[in-house]
Each structure stands twice: as structure tokens, then as C-alpha cells.
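Data block below; observations after.
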Amino acid sequence: MVNDKILYDSCKTFNIDASSAQSLIESGANPLYEYDGETPLKAYVTKKNNNIKNDVVILLLSSVDYKNINDFDIFEYLCSDNIDIDLLKLLISKGIEINSIKNGINIVEKYATTSNPNVDVFKLLLDKGIPTCSNIQYGYKIKIEQIRRAGEYYNWDDELDDYDYDYTTDYDDRMGKTVLYYYIITRSQDGYATSLDVINYLISHKKEMRYYTYREHTTLYYYLDKCDIKREIFDALFDSNYSGHELMNILSNYLRKQFRKKNHKIDNYIVDQLLFDRDTFYILELCNSLRNNILISTILKRYTDSIQDLLLEYVSYHTVYINVIKCMIDEGATLYRFKHINKYFQKFGNRDPKVVEYILKNGNLVVDNDNDDNLINIMPLFPTFSMRELDVLSILKLCKPYIDDINKIDKHGCSILYHCIKSHSVSLVEWLIDNGADINIITKYGFTCITICVILADKYIPEIAELYIKILEIILSKLPTIECIKKTVDYLDDHRYLFIGGNNKSLLKICIKYFILVDYKYTCSMYPSYIEFITDCEKEIADMRQIKINGTDMLTVMYMLNKPTKKRYVNNPIFTDWANKQYKFYNQIIYNANKLIEQSKKIDDMIEEVSIDDNRLSTLPLEIRHLIFSYAFL
């Protein structure tokens, strides 16, 4: 027993050689003796022992016929500074456990974290079949199959066909910490050299190792992030087949490093390699993510293709930021006012008034070209969501002088106004109508603006229905044509089954009270059961016809005169007094009258503000000044 403890203590303190060990064993010391759960061999083989002697190890093993071989902690041994490959070979030949996991990693991964691992040791261990990634996981991919039922014909081009979606394992998408990963991330420690030979061997042993990702990033990403970078190491880890998304993540991380580490200099060789032959989509997404003009300019300076084409693609397919446009202009791109605005609108979601304003103010005009190049197509802005309503309204106000056709229709015959009605955008509907949108357009399916308003107001919950009713009043108060009215009446009469809600009578009354202003006889003939209601409406109509300014009644002012001519009436006390009235049925007309008064006041204020002494505008007759501003703003 005494010799057992002496042998253990000598091994524990590393104060032993083969001769003394042999003597103690011959004196009866037992190499299998345990103290605190440790045998002498287990106590001796530790990373704290900087001088593990092979002959001592072999003696402790052979004296008991290698029964204690797994007391030799191979994880501890691989962390020591004096690994003997012949000893490793012997241990492996004698059956030492090499496939175990300790603290979540295997022995090859553990060895990769040491300060100066040897290629021969890697080769010995990997040739024994130890995995290069002890905890590999796989991604998934979506499998899409079209459902075809027996006896049914399906058009494969029909967007309404049914599809079955399933998730399958993607064995090409490998995820986990590899030997290469462990080797790279530990190189940033003091005294830990980065060996090109080690990297080349590991990659040659398993080429796919470069494609493994941990937290969605490759080993190259971590190398550029943590280590002092050498081109030859970069080249060994780099693969042009990495996804464009990952390459841009690597480049972003590399460029940002200059703000994290002092004296870090950008190597243009690395920037060029990461940018070379990359899909511009990823490059532009990277520019958006950086939000730093210095970094964006660094990328653009190394971009070898056309910056002009890059700008066009940017405004066409990406969320646009003004600072990125400015950087492109600084690198030689030319911003065109209408060309780039029209491209900007083509991407769904591009609805930033600040971007539109910047392009309008700073974009160049195309000279000596077709007039269409100097107009803006606003159709791609629609349909819009209510959450973006104010943004779209701001954009429309900015683009107003350049809109090519406010009544442009799509392939279904739907106008911009029609789309805004469907999305219950009250402010957009009002602005469009005030600026010339045609309320009488009929779609290919026979809908009028009035029709869709009535149907949707009848279908939706009260909160939304109120918006459609308000829009209906706005449209009708502009008085549709008799052709539009007849189309609406015919459609609603043919599709009575659509009206199952409780709003249908009140909705029809709203229509009728304006229809009679257009064609009284026709309306009465179509809605004879509403004669009593029509009679009540006539009383308010008569009141509007009785109030006159120089022989012109209020209905004529509101509906028969053009905008500049109306300006002569709106400041008249008779008109302003009438605009203060409260009608039961026609308050929308009163609302329109007050809006005219408000707009007229704005024009008067603007004229006064800009009419300075000796100003050219101030020399014009007041009526001419009113006419100019009326056409521009009323």
C-alpha cells in the first residue's frame, strides 16, 4: 500500500522516470491503484505535465498488460507540448478509445484547438475514421409538387392549380463546428500560429469542410473576423462557389473590422476576390446593410462593371436609400429624374417620399428625347395598403407636375382611382378626383367606381363600411355621367344577390340623391319606391338653385364652371354664407365648397407672399396672377 501511494504521488507531481517507476512496481506498487478516482497513469498524463515521458507511460501500461489503457487521457495528452506520434500509434494499436466525446468535441477537434498542431497527428487520427465534425446537422429544402387528381385536367401554367409543399433534408447543407473551424477560431490567441500546411491538409482530407457553416457562416467568415489575415490563408479558405449572400456577409464583416481593430488595413486583393463576378443583387443588398458611406464607397470603387447600370438595377429591385445613391453618383453614375423615378416605382414596396423628392430635385433631364422620357408613370404605386396611404399621397403631390396620365388603366380596365377605392384610401381618392381622375371609367368586368363602392360598403364590417360610404359620397358629389349611372344601375339590378347586408337601402339613397342631379326622370323611373325620399332631396336642391350670385346659382358654380372661373365666386359673401349651411342630404357639396374657399385663401396668401416690389409677378394684373396660381394649385 505504501508503494502504491508513492507511485501515485510521484506520477501526480511528474517527479518520476522509468527507472524509479520500474523499481516501485517491482517492490509491489500496483499501477491500477486509485486515489481520488485516479490511477497513476491518469494522474501522470495531463496537459499540465510539460514533459510526458514515453518510457514511463509504456511501463505503466505494459506492466498490467494494458488493462489501464483508457486511464490514458488522450484529450489531455493531445493538449501537451511533446506529443509522440509513435506512442499514439502504439496506444491506438492496443485499443485505446479514440471515438469518445468530451465537453461536446472529439479528439481531432480538441487537437485543432492546441497552439501548434501537427499535420502527421491529424493524418493519423483522421485516417482512423474520426469525424471532422462530431455534431453535424443538415438543413432542409422545400419540395413542391403539383396535385393532379385522377380524371381531372390541370393546366400546368394555371396559377390557380393546387400545390403540395413538403420539407426534405438537404444533405448538401451541412452545419456544425468542424476541425477546420476549431483550428481557425483559436488562432487569434497569443502564441497560436496559423499554418497553411495544416489548413491545406484538412481541406484536402475533406473538401466539403469549407462549405460547413456554423451560425449560418463559413470558416472563412470567422477567419477574416478574428485573425490577422494573410492572403495565402485567405486563398486556401476561399471558394467562389460560396453563396452570394455568404460572400457579402464575409465582405461586410471584413470591411467593418477597420472600426473594431486599430491598424487594420483593408487589402483590396481580398475585396476584389469577394466581389469578382458576383451577382449584383447581393452587392447592392450589402450596400444597403452597411449604412456607412466609407464602406459603400470602398465597394463601389472596386466594382469593375458599369456603375450606371448598377444604379439602374438598384432603384429597380431594391429598397432604396439616398446615401447609397449619393455614393454611386460620387463614383460616376448619373441620376436621371424620370427614368429612375419610373424604375423606382416598379419595385413593390418602394414608397419613400424622401427618395422620390431627392431624385426629382437632383436627377438630370433627358434632352432631345421622346417626351415620354420626361413623364412619370404612377400606376405601379397601386394598389397600395392603407398603412402606406400617407406616403403615397406625399409622392403623388411631388410627382403631380410630371404624371403622364392620371387615368391610366391596367389590363383589367381598372384605373388608379379604382384601386384606391378598393383599398378604401379616402385621402388618395379625394386627391385623385381633385386632380382630374375620371370617376366614370368602366372596367372590363362591368364595374364602375360607384358599383365597387356600393358592393364593398355592403360587405365589410361597420368601421370599413364607413370609409366606403365616405368615398361613395366623394365620388357622387362630383356627378358621374348618365352613361356611368346607367351602367351602375344595371349592374346592381342584375346582381341583387350580392346585397345581403343591412346597408343596401341607405347606400342606394346616397346614389339616388346624386343621380337625380344628373337625370331626374331616369332616376325616378328606376327607383319609383324612393319617390318620397327624392321629394325630400328636391327641397335642398331648390335651395341651392335659389341662392345666386349675379344670376348664377350655387349648383352651377359647383358643377358647371371650371376651376379658374370658380375662383371669382368663392370669396363672394353670398357664396361663403351658403357654405356655412347645414344640409341633411347634400353636406358633401357644402364640404366641397368650403374646400374651394380654403384653397382660394391659400392662393391669395401665396400671391401676396411672392408679389414683391419690382418683382415680375407683381407687375402682372391681379386677375392674371390669380389665373396662374389657380391653374397651378387649385
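Note: Cβ is positioned from N, Cα and C throughout, glycine not excepted.
Per Swiss-Prot, the feature repeat 'ANK 1' maps to 36-69. Listed as Cβ neighbours of the repeat 'ANK 1' (36-69) (distance under 8 Å, sequence separation of 6 or more from its ends, same chain) are residues 7-8, 10-12, 14, 16-18, 21-22, 25, 76-77, 79-82, 84, 86-87, 90-91, 94-96.
Cβ atoms under 8 Å from those of the repeat 'ANK 2' (70-100) belong to residues 39, 41-42, 45-47, 49-52, 54, 57-58, 61, 106-107, 110-111, 114, 118, 120-121, 124-125, 128, 130 of the same chain, restricted to positions at least 6 beyond its ends. The repeat 'ANK 2' annotation in Swiss-Prot covers 70-100.
As annotated by Swiss-Prot, repeat 'ANK 3' applies to 103-134. Among residues of the same chain six or more beyond the repeat 'ANK 3' (103-134), those with a C-beta under 8 A of the stretch's C-beta atoms are 74-75, 78-79, 83, 85, 88-89, 92, 174, 176-180, 182-183, 186, 189, 191-193, 195, 197-198, 201-202, 205-206, 209, 212.
Positions annotated as repeat 'ANK 4' by Swiss-Prot: 175-211. For the repeat 'ANK 4' (175-211), same-chain residues at least 6 beyond its ends with a Cβ under 8 Å from one of its own Cβ atoms are 105, 108-110, 112-117, 119, 122-123, 126, 132-139, 218-220, 222-223, 226-228, 230, 232-233, 236-237, 239, 241-242.
When pLDDT is averaged over the repeat 'ANK 5' (307-337), the result is 95. Per Swiss-Prot, the feature repeat 'ANK 5' maps to 307-337.
Tertiary neighbourhood of the repeat 'ANK 6' (412-441): same-chain residues 378-379, 381-386, 389-390, 392-393, 396-397, 400, 406, 447-450, 452-453, 456, 464, 467-468, 470-471, 474-475, 478, 480-481, 483-484, selected by CB-CB distance under 8 Å and a gap of 6+ residues from either end. What Swiss-Prot lists as repeat 'ANK 6' is 412-441.
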